[in-house]
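**Student:** So TrEMBL lists the following for this protein:
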| type | residues | note |
| --- | --- | --- |
| DOMAIN | B:32-142 | domain 'PurM-like N-terminal' |
| BINDING | B:D34, B:D79, B:D214 | Mg(2+) 3 binding site |
| BINDING | B:D34, B:T48, B:D79 | Mg(2+) 4 binding site |
| BINDING | B:T49, B:D50, B:D127 | Mg(2+) 1 binding site |
| BINDING | B:D50, B:D79 | Mg(2+) 2 binding site |
| BINDING | B:H57, B:E267, B:W313 | substrate binding site |
| BINDING | B:G126, B:D127, B:R152, B:S216 | ATP binding site |
| DOMAIN | B:156-245 | domain 'PurM-like C-terminal' |
| BINDING | B:D217 | Mg(2+) 5 binding site |
Number of protein chains: 2
Amino acid sequence: MKGTVGELGEFGLIRELTSRLTTTPNVRLGPGDDAAVVAAPDRRVVATTDVLLEGRHFRRDWSTAYDVGRKAAAQNLADIAAMGAVPTAVLLALVVPAELPATWPIELMDGIRDECQVAGAAVVGGDVVRGDTITVAITALGDLRNREPVTRSGARPGDVIAVTGWLGWSAAGLAVLSRGFRSPRAFVEAHRRPEPPYHAGPAAAELGATAMTDVSDGLVADLGHIATASGVLINLKSADIDVPAQMSDIGQAVGVDPLHWVLTGGEDHAIVAAFPPDVKLPARWRVIGEVLKAPGTPHVTVDGAAWDKAGGWDHFGDTTAQGAGD
Amino acid sequence: MKGTVGELGEFGLIRELTSRLTTTPNVRLGPGDDAAVVAAPDRRVVATTDVLLEGRHFRRDWSTAYDVGRKAAAQNLADIAAMGAVPTAVLLALVVPAELPATWPIELMDGIRDECQVAGAAVVGGDVVRGDTITVAITALGDLRNREPVTRSGARPGDVIAVTGWLGWSAAGLAVLSRGFRSPRAFVEAHRRPEPPYHAGPAAAELGATAMTDVSDGLVADLGHIATASGVLINLKSADIDVPAQMSDIGQAVGVDPLHWVLTGGEDHAIVAAFPPDVKLPARWRVIGEVLKAPGTPHVTVDGAAWDKAGGWDHFGDTTAQGAGD
């Protein structure tokens, strides 16, 4: 594929993009009509949308188009899983500059398609328009399989807090990249391409999770959403939170407490949930804290104290590199 | 509401936006969690997405934020109706500059909410991020009520082509605006705020429509999609196509054949469909053409000849004002 997006034209680009897609039995009508039709066996559909901007959420010199596609799909599909649902379909609204090489949106779509396949979903529709800033807005749909959605508001005092997936890897990778390095590769790769544990969301719902979310803004910030919605205090025990040795090494090299990445780094899309205390969790879940009565304002503590470094990320704030500061 | 989007902050803005929303019985879980949950009684969900950019699809000096919201929602909800489905829910991915007055996204949301109410739907989720160009990406969902979707591919030789809704009004309004005028108001209003006949989509499905679409790129262009998908020739009869007297007056004033607006103007989101010849259509449908065997490449003719002026709109082309040229 040679030339630019402008040379290929809107319809030429849409043809290229849709020709690369795969399907699933849930796709009753794919791209090419006024709308798609997707199975919703549960008689309810779970839906979420997220938007990524070049310069703000990704950089073309740090991530390939394919990786941006994987990541953009992953963050939406993880939101579906975090409700306890199984992802079924994705729609893409894409803004691309006319002078962008046509290979870029095509490789982006390959990434979205492949991440959808990992999660069991398929791309069913989209829209492409010309604009100055590459903008990737994805909507993901999912099916609850006759279980109730696991919201953020059901955590009860006495519950345990458990997590599965990666924590702080993306933030450590970003710290490496923003200092001009390209290794250690495991962390850089984790920043470029998260691996959310999609299966863990529905599995947690089946195990009786009382509240759940994916870690997109950072563990403390996202558990803060659960604390607020549930009206509880959540206390994390740092001794129960793994900090990989390799992450400690990078932390030392760049002068960052690696626990900070683990507690405040988003974008790995780990799944964190509250469970009744007697739950029997599969091996890859780690109990990292407990749910307590909120003495005042619901919030999150680490070893009984506020985690006083900035957690999470306000998209309108001045911070441009999540978790990269100290 | 004073101040800018940046002063209000991401979470403050999201609070303002979600506090204004209304709900429907189809909304099982609204905004505020990882994802929303919407009823899909049919066990299938219809889904579509479209993106609007400032400067390309709307101008802040020509349209209020409220009107942009109405229009952005309308074009997605019309796509749902054009499948024969009933709109249920909408998700919004919004990019706004930090220096934008906070009233702008709030009034935009009011417009989206109100247009959803017209169509029987509700806003259930979204994402807001900061960026240079106002970008409004909307995803709409709908329910087929146990009917099969009406695609673009079912038109058969012998069918009649019928349309309901407005044709060319938005294009005439744009022509007026782009020449520096603000009246006649009916056309300017039609450009700012389309009124798709949402009910007509499911009604047409019930009446046995064999193919259907909404008119977003222009009547000839959109029927061209049906002709191609169905492998047929579609012939329109200009004598059966109304050109309102007021539109003729504007055409004369600005030197444009008003039939050109009717045949190639998009954005009014009329609904056009093919029906079996014996169909009994309600009063507001007008039969404007017929479906014939394609002698070669499927296409659309007007009175047996190609409509030789440019129809439709390639978003990567150089045309910036749809239907405004001659």
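Just so you know, the numbers here start at 1 and follow the chain as drawn.
Placement of Cβ uses the backbone N, Cα and C atoms for every residue, glycine included.
Map the listed features onto the structure and describe their local environment.
**Tutor:** On its own chain, B:D214 (Mg(2+) 3 binding site) has B:A78, B:D79, B:A81, B:A82, B:P196, B:G201, B:D222, B:H269, B:A270, B:I271, B:V272 as residues at least 6 apart in sequence with a Cβ closer than 8 Å to its own Cβ.
Annotation note: B:D79 (Mg(2+) 3 binding site) sits in a helical segment as assigned by DSSP.
B:T49 (Mg(2+) 1 binding site) has a Cβ environment of 27 other Cβ atoms inside 10 Å.
When secondary structure is read from DSSP and collapsed to three states, B:H57 (substrate binding site) falls in the coil class.
Counting only same-chain residues at least 6 apart in sequence, those with a Cβ under 8 Å from the Cβ of B:R152 (ATP binding site) are B:A211, B:M212, B:T213, B:H225, B:I226, B:A229, B:S230.
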**Student:** Which ones in the same chain are close to B:H57 (substrate binding site), with CB under 8 Å and 6+ residues apart in sequence?
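**Tutor:** In sequence order there is nothing to list, since no residue at least 6 apart has its Cβ under 8 Å from B:H57 (substrate binding site).
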**Student:** Which whole number of Å gives the largest C-alpha distance between any two of B:G126, B:D127, B:R152, B:S216, the residues noted as binding ATP?
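**Tutor:** About 32 Å separates the two most distant Cα atoms.
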**Student:** Using DSSP with the three-state reduction, classify B:D50 (Mg(2+) 1 binding site) as helix, strand or coil.
**Tutor:** strand
**Student:** Distance between B:T49 (Mg(2+) 1 binding site) and B:E267 (substrate binding site) at the Cα atoms, whole Å?
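**Tutor:** Cα-Cα, rounded: 15 Å.
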**Student:** For B:D127 (Mg(2+) 1 binding site), identify the closest of the binding-site residues B:D34, B:T48, B:S216, B:E267, judging by Cα separation.
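**Tutor:** If we rank B:D34, B:T48, B:S216, B:E267 by Cα distance to B:D127 (Mg(2+) 1 binding site), first place goes to B:D34.
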**Student:** Given the binding-site residues B:D34, B:T48, B:D50, B:E267, which one's Cα is the least distant from that of B:G126 (ATP binding site)?
**Tutor:** B:D34
**Student:** So of all those binding-site residues, B:D34, B:T48, B:D50, B:E267, which one's Cα sits nearest to B:D217 (Mg(2+) 5 binding site)?
**Tutor:** B:E267
**Student:** Based on DSSP, name the secondary structure state of B:D217 (Mg(2+) 5 binding site): helix, strand or coil.
**Tutor:** coil
